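Before any comments, here is the structure.
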Amino acid sequence: MFGDDCSDILTIDFCRTPLSEIRSIYQKIRECDGLDKSKTVTALRAGEDRAMLLGLSMVFVSVMMYFVLGITILRSYSDRSRKRILYTLHAVFFLLHKNNSNNVTSVYTVRLESTLVCKCVCSWSNATSNSAVWPRLEYDVDEGHDWDIFNINEAAGLDLLEGDIEQEETFSRNSIIGDKYRWPTTIPYYLEDSVDMNAKGVILKAFDQYRLKTCIDFTPWNGEKNYISVFKGSGCFSSVGNQHEGKQRLSIGNNCDRLGTVEHEFLHALGFWHEQSRADRDDYVTIMWDRIEPGKQHNFKTYDDKVSSALGVPYDYGSVMHYSKTSFNIGSEPTIVTKIPHFLDVIGQRMGFSANDLTKLNRLYNCTKSSAFVDSCDFEEKNICGMIQGLGNTKWEQRSSVSGGPHDDFSNMGQCKGKGFFMHFSTATAEPGEGAFLESRWLYPKPGAQCLQFALHNTGAADDVLNIFVREYDEAVPGGKLGLFKSISGGVMGSWELHNVNLNVTQKARVVFQGVRGKGPSKGGFSLDDINLSSTKCPQHVWHIRNITGLMATTPAGQKRYSPRFLSSAGYSFQVGAYLNGRSDRPGYVGLYFHLTSGPNDHSLKWPCPWQQATMALMDQHSDIRQQTNMHRMVTTDPDKLDGKEYYWDDPRKVGSKVTEADGSYYYRGPGTGTSTFITHSRLRSRQFIKGDDAFFLLSLEDISHLLVPQPLPRSAAHAGTSARKAADQDAPQGAATSPTQIMAVALSAAAAVFVVSALILGSARRMRMRRQQGSEDLVTLEDMPGFMEGMSRVSDLLFTLRSPQPWPSSNLKFESWKAPWQLVVSQTVDAYRAKTELIKSEQIDHFYECGTREKLKPERERLSPDHRLLESLITKDAVDFKALRRCIWVVCFMLGVN
Ligand SMILES: [Zn+2]
């Protein structure tokens, strides 16, 4: 199992392996580790001395350079060839769990730089006894936090200009004025492979928003000189404006995969600073300097109006570029107080562009029209947006009320006096079989998919029909050719309903509505309002929630309402669950979760469900699609994601729970993924998310597996590397053979290179020596793997409050992609173990094994700091199996111990 060459992979199953055997394995690990380490230390020390001497002599004797270079190459070669030990420990624990579906699999990697690589896999069960408090069948992508960009970056340990701007402080802050920082209106982009799948889908959706609402378009990089390269950094950040540096990077890291956040970062790249940095901001907000975290005050600077333009737009509290009220605060008090109190809860929205954001962007880039918007009509004007009526006596009428309903229009819900019109076709007055056309003006959409969205109030008889055609014009048919896209039957609905119809127009066309009277008696007809046509794909489904304010008043916190089940175009059945009054631990929010459900096609579908992206959008019911700021959230099914021993996105019949409906029929509902902090109630009441007491969720489930393939590099870029190398190969000998000047140049370059190399070697040798003299230990990098703290949001909330103002004890742990609370748990546990190591060095192995059990910890508890004790008490309270976590961390302790 663990060979003499210390290079094997070691697997220990804690449940089955006898204690004595585990001990002997650990003893072996220690020997191997010690062996390897002693070799390393000797090698390093010799190397340092040699490097120091050689480095020094190189500076004076250039002849030595090849020797030193040779040594360096040899050393790096020997470093690489040195055997690395890979420990893989499988610890499986089942504690107090009520059912097996409570298992959580977590993986993390412990990497001891330069000497060891250790991977620890722990799966354990969460021992919660109250599933109402912590529903296990849900996964919160935000871990229960309502984190803004700045919290994400702070937790990732980033200290950027204004929190998310990657630019030198000395960089002139006025530079958005002038053409040179602008991009062309079509911006080349490259999605690096590091970007998460869900984030890739979100970014492409954000581009659609730019196309719909501005003249900015994005195109895959095709060798253009300057382009935006999106990568997964440790947070969300960008630089401001076109920096003309060729590849300009923009990071969409963990938790940045939200539409508003991506729009925000791209607005930086397009040339925008934060809204509260405007020169006139002190007229609108008060900065509470004493509440700002020490050292973060610089994030609240303003820019001079002589050089940074507000583009003639008033201060915008609703800008997606505005800080939130609690940015960079200590405690919970706001750092930004708006002069008009109403706006205190408005600032910091990350739903999407505000109207003023769009005005500014369109002014900066001289936009006159957007590429994806085609037409919008709310029928308020007498000219009904240039729509025309067909021949015949029966007509559509512009009305503000109809006796058979509706009594109000959809745009204004009758709230505006003298306004509030819609178009009505009365099947009550038309003769049976009679119809009427309502045709749009000539429209010129981009060829491809278009979405026709409209509100329909349907009070006709059951056999009345509303047909939706497109009349396309080309040279062959100058009078236009009608193509039917959808027919909607009559029937009294009693409310305005939202309809989305996918069109496929390739040339000049009209959109045509035809109302047709059936044979049955009718008291009403068809009413149309708020028509929007855009060159985008339609959302697949609409979940209409009626009487939402009433439901919010009566639904208790923690109770979830489910949408009907829908089918995706690939055939997957799904539904969405909403906590209208928040989860019990998140009052004041709407929580929203996506579930796969059993459906008619399951036998022929791929399981676990691969790479389907669910888009859940709460619709802002503004009449003009360009002014709609929908609140989006997207989640993607990763077929490799594990939940215990099961695949998380497997067939709901396997991993879901049975749901029995009122009529006795049943289906299976898979676990939910979403967020407990989808939107606050105060934001839900803003804009037009609720209109006439109704809310609409726009839902889609789309295949994004094509994004698994890396974005192809442009031919020029792919060949650039090769040709550069070829050129160098060809140039060097020719130059050396022909020109004395070139010989000189080559000699000078070589000398310069030698100097740099020697300086580097000297520097690194010096650093190595200093580190050893200080007695510091090797750096341990703890890398969080996806799913590690899955489902542990409640504990993380509690622990989050533990973040003490005093600095942590100096630690040589480095955390990669961990959330701050978990850094805390791990570093505290490691610190505690490290303290023990010093106490019981001689019994290291036994001690570490035993320290996984609580009893052995007791005598030591008095020695722990109050924070440690609080941590212990939290562990007890939550009954979460922290032992598993401790045993995993044990690996780190063990290494630190033998270090
Ligand atoms: Zn920003």
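Every residue, even glycine, has its Cβ placed from backbone N, Cα and C.
Please treat TrEMBL annotations as automatic predictions, because they have not gone through curation.
Because the structure is a prediction, the values reported are computed rather than measured.
Here is what TrEMBL says about this protein:
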TRANSMEM  53-74  transmembrane segment
DOMAIN    174-368  domain 'Peptidase M12A'
BINDING   H264, H268, H274  Zn(2+) binding site
ACT_SITE  E265  active site
DOMAIN    375-540  domain 'MAM'
DOMAIN    538-701  domain 'MATH'
TRANSMEM  743-763  transmembrane segment
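Annotation for H264 (Zn(2+) binding site): same-chain Cβ neighbours under 8 Å, separated by at least 6 residues, are I149, D164, C236, V320, M321, R350.
Those same-chain residues not listed among H264, H268, H274 yet with C-beta within 8 angstroms of the centroid of the Zn(2+) site C-beta atoms are I149, E162, D164, I165, S238, E265, L267, F272, W273, V320, M321. Cα of H274 (Zn(2+) binding site) to Cα of the residue listed as 'active site': a span of 10 Å. Confidence in the domain 'MAM' (375-540), given as mean pLDDT, stands at 92. Sequence-distant neighbours of E265 (active site) (same chain, 6+ apart, CB under 8 A from its CB) are I149, D164, C236, F237, S238, L250, S251, I252, C256.
Packing around H274 (Zn(2+) binding site) is summarised by its Cβ count: 23 other Cβ atoms lie within 10 angstroms of its Cβ, all protein chains included.
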